[in-house]
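Some features that TrEMBL has for this protein:
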TRANSMEM  38-62  transmembrane segment
TRANSMEM  74-96  transmembrane segment
TRANSMEM  108-131  transmembrane segment
TRANSMEM  137-161  transmembrane segment
TRANSMEM  173-194  transmembrane segment
TRANSMEM  206-225  transmembrane segment
TRANSMEM  261-281  transmembrane segment
TRANSMEM  293-310  transmembrane segment
TRANSMEM  330-349  transmembrane segment
TRANSMEM  361-384  transmembrane segment
TRANSMEM  405-425  transmembrane segment
Amino acid sequence: MADLDSRQDPSEEYGRHRGEELMLENASLFDKMKNLSYVTFMLIGIALLWPWNCFLSASLYFQHDVFHDDTIYAKIYISTMMSISTISSVAFNFWLSKRQHSYAERVVRGLVWEVLVFGLLCVFVLVHGAFPEWLNFVFLMGMVLVSSCGTAMTQNGAMALANVFGPQFSQSVMMGQGIAGVLPSLVLFAVSFIGDPRDQSVGGIFAYFCTTVVVSASCIVLYRASGIGRADKHKLLGGETNNNEADDTVSFSILYQKLKFLVLSIFTTFVVTLLFPVFAANTFVAGLPMHNSQYIPFIFTVWNLGDLYGRAISGYPFFQSAKFTPYKTFLYSISRIGLVPLFFCFNLNDSMKPSTSVLSDFGYIILQFVFGLTNGNVLSVCFMKVSPQLGSDKERRAAGGFTNIFLSSGLAFGSLLSYVFVYIVSTYRAGGA
């Protein structure tokens with residue numbers, strides 16, 4: 001009864017977001033960065049990918065310092081981590097998508113989980129020597145599980161709200177994820193010139209985990225300050241109760257009917273992209289004055305820079321035009337499969353003949369940049385096109401979880417397919433030798 005004077009009508013609240021969207025549509029990145037909501041969504045995007053990159057970057061440390069290289073725990077660490085992360089992400093995303101409420105709270109709740117996980121990991125780095133290896137392994141896998149669920153929860157809420165705000169804000173989340181991909185790869189490339197990346201200091205790993213805590217905590221502060229969670233307050237304003245929750249749920253069949261080409265594009269893109277690390281780790285320098293220990297991190301950096309650039313250009317009128325339909329986006333995602341055979345043309349497993357080796361390296365670098373660019377571009381275009389395809393903000397919020405199911409499923413299926421390509425690559429020799 002009270003409070004009505006202090007609360008906006010839902011349509012006025014959403015209208016304000018539409019106004020922000022229109023203002024940002026043709027704005028430069030510099031001007032977009034002046035918008036607090038845009039910056040908040042971008043930082044959320046960084047926070048979504050940062051924990052996973054942190055686990056990946058610390059893998060050598062865990063294998064070398066915690067599990068001492070030759071133990072069973074060191075050998076199964078990465079595969080177990082990947083399996084737990086992908087399976088839990090798919091399952092938790094599905095569970096979240098069926099519960100279409102409390103999106104604003106999910107953003108903060110997931111970030112709090114990340115703060116707790118990496119706070120505990122900071123302590124773990126200092127005390128792991130006091131515990132048996134099996135207990136350390138169980139603890140780390142537990143942290144991977146909680147972190148994966150926390151990321152899924154934050155992403156579910158963030159994409160639901162971004163869909164309500166509009167395509168520019170969906171792109172902002174994508175840009176944040178691209179930035180989170182570039183920064184660790186740049187650090188890894190720089191470290192490759194200093195020494196063996198396995199010789200990571202306790203202080204360095206501790207600082208890395210602390211950085212994750214700071215990023216997540218900063219995200220919570222900025223999220224509260226920006227007030228973007230108000231886009232999910234319509235139920236309170238409308239006086240809805242949980243008794244009608246089932247009636248307020250948008251069915252998957254309705255969402256799939258409207259978004260099928262976009263979600264299939266997301267799935268296809270991740271399946272194809274998960275082959276990238278297999279080739280990047282097994283294609284060696286042929287002529288450039290670099291060691292493989294420097295060349296491989298460099299290739300990861302090139303791919304991530306291409307990915308970030310692809311996300312940045314997704315807001316161009318060509319990609320957002322009505323002529324660039326979801327069906328064309330789907331064809332675009334499928335066309336990336338044509339890039340995969342090209343990776344066999346380069347110095348895979350050190351099989352390249354010495355002639356034209358420098359040109360081969362440059363060709364491979366360009367291919368990896370294009371592979372990264374198309375990945376970031378397709379994904380960002382897909383998520384930007386979700387909001388315009390839907391007729392109500394209830395559908396837009398529900399679509400946040402629905403798209404995440406295809407995202408995590410694509411990652412899971414892609415990781416399984418990558419095992420097949422690991423075998424193919426490991427047995428490959430040029431000319432069938």
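Using N, Cα and C of the backbone, Cβ positions are placed for all residues, glycine too.
For the transmembrane segment (38-62), the partner stretch with the most Cβ pairs below 8 Å, chosen from 74-96, 261-281, 293-310, 361-384, 405-425, is 74-96. Taking Cβ pairs closer than 8 Å, the transmembrane segment (74-96) reaches residues 52, 55, 59, 62-64, 67-68, 106, 137, 140-141, 144-145, 147-149, 151-153, 156, 401, 404-405, 407-409, 411-412, 415 in its own chain, all 6 or more past its ends. Contact between the transmembrane segment (108-131) and the transmembrane segment (173-194) does not hold: fewer than three of their C-beta pairs are under 8 Å, each pair 6 or more apart in sequence. Here the transmembrane segment (405-425) has Cβ contacts under 8 Å with residues 82-83, 86-87, 89-90, 93-94, 97, 152, 263-264, 266-275, 277-279, 282, 348-349 of the same chain, all six or more residues outside its ends. Same-chain residues lying 6+ beyond the ends of the transmembrane segment (137-161) with a Cβ under 8 Å from its Cβ atoms: 41, 44-45, 47-48, 51-52, 55, 62, 66-67, 73, 77, 80-81, 84-85, 88-89, 92-93, 96-97, 102-107, 109-114, 116-118, 120-121, 124, 131, 169-170, 173, 228-229, 231-232, 383, 396-401, 403-404, 408. Ranked by number of Cβ pairs under 8 Å to the transmembrane segment (293-310), the listed stretches 173-194, 206-225, 261-281, 361-384 are led by 361-384.
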